[in-house]
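According to TrEMBL, the domain 'Major facilitator superfamily (MFS) profile' annotation covers 1-373. Look at TrEMBL and you will find 1-22 tagged as signal peptide. Marked as transmembrane segment by TrEMBL: 38-57, 69-86, 92-118, 130-149, 155-175, 196-219, 231-250, 262-279, 285-306, 318-341, 347-367.
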Amino acid sequence: MNEKIATRCVFFIAGLATSSWAAMVPFAKMNTGVNDALLGVLLLCLGGGAIISMPLAGLLSSRFGCRKVITCAVIIILLSMPFLILANNPIILGLLLLMFGVGIGLTDCTMNIQAILVEKNEKTPLMSGFHGMYSVGGIAGAGLMTSLMSLGFSIFTSTLMVAVLVCVLITLSFRHLLSYANPAEGPAFAIPKGEVLLLGVICFIVFLAEGTVLDWSAVYLVEVRNVADSLGGLGFICFATAMTVGRLGGDAIIKRFGQLRVVVYGAIMAFIGFCLIFTSDALPLLLTGYLLIGAGCANIVPVMFSQIGKQKSMPQRVAVPAVTTLGYIGVLAGPALIGFIAHHSSLPHAFVFVAALMVVVLMLSIIMNKNMKIRGDA
């Protein structure tokens, strides 16, 4: 175990915990007896808790170090996870989701601060691999929960087993997490500006695109392209697989081609992917579109976080929470925005809108390169 492996473990934990909750949602809905509308409101508690906690992550990590903040955040996750499935009252579930969201938000933000520092220390691209482990954790969480329940374990027992795995991983990683973070310079909180605003807007768009595929890909395939219900999930599977593979191999790709080319070509690939989706009827072409979106988006966000470590317009301890928060807002707002456009126009037109946003990413990356001189070195 070393700092790099410990950082990968934390990214894995974050993905594992988030996807494990996704498997609990139907059971939590049944236990509380809420309808779809109220469930949607309750789910906002998770996102709200994450967004509220993110600005605190930089302040806390500067004062106490990444190790203590990450460990406390994971403890919050562990304390709330088992009770999410036991809650039989909407108010209690909402409070637990708020608590769970705080743990996720603190972990997400602080692990990126740790990742930036480790990458700087190692002087080689590592960010894509770190984010790749988040994707692996997401797949593992969903797969593990599904497998355990298929073997006859209850949802509560399955959740406890995942919590034990998280506990083991954070215990093994603890000594190798950084005991320091960025110095406490500048304000505790700040509105993103200059280079950080550019980085944040790009992350917002890419996360919006990811949220769109997550929540709308199956609906689009089944209702618009008349794909069989049983095959509706193939779009997201192709997207998630391409993104995971792309991130795990991303560090080598960045070394070979440089960060600017990875972002520019990635945006172009995602644009072509969305174009295939709203112009094609054939399932192979539609799935190719989702593959291109996943591969194209895979390394854009990791490059943005690498650039936070190089920019000079804001201290890192406020820049990382600012960019992470903008990304989360994209995930939360994206699906709702797509639904609004689809309601007033059509779902294909909504996908055209997201394709246009990928052109914006392309243009912003070129502008950013002029200001920051993006290079392939870490």
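Keep in mind that glycine also has a Cβ here, set from the backbone N, Cα and C atoms.
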* Structure fact -> Given 38-57, 130-149, 155-175, 196-219, 231-250, the one sharing the most C-beta pairs under 8 Å with the transmembrane segment (318-341) is 196-219
* Return the stretch with the most CB pairs under 8 A relative to the transmembrane segment (69-86), choosing among 92-118, 196-219, 347-367. => 92-118
* Can you say which of 38-57, 92-118, 130-149, 231-250 has the most Cβ pairs under 8 Å with the transmembrane segment (155-175)? -> 130-149
* To do: Report the listed stretch (38-57, 231-250, 285-306, 347-367) having the maximum count of Cβ pairs within less than 8 Å of the transmembrane segment (92-118).
  => 38-57
* Asked: By a Cβ-Cβ criterion of under 8 Å, what residues six or more beyond either terminus of the signal peptide (1-22) are in contact with it?
  -> 46, 70, 74, 77, 81, 84, 100, 103-104, 107-108, 111, 114-115, 118, 121-122, 126, 129-131, 133-142, 144-145, 159, 162, 165-166, 169-170, 172-178
* **Contact set, same chain, for the transmembrane segment (347-367): CB under 8 Å, 6 or more residues outside the stretch** => 198, 201-202, 205-206, 208-209, 212, 216, 219-220, 223-224, 260, 263-264, 267-268, 270-271, 274-275, 277-278, 296, 300, 338-339, 341, 374
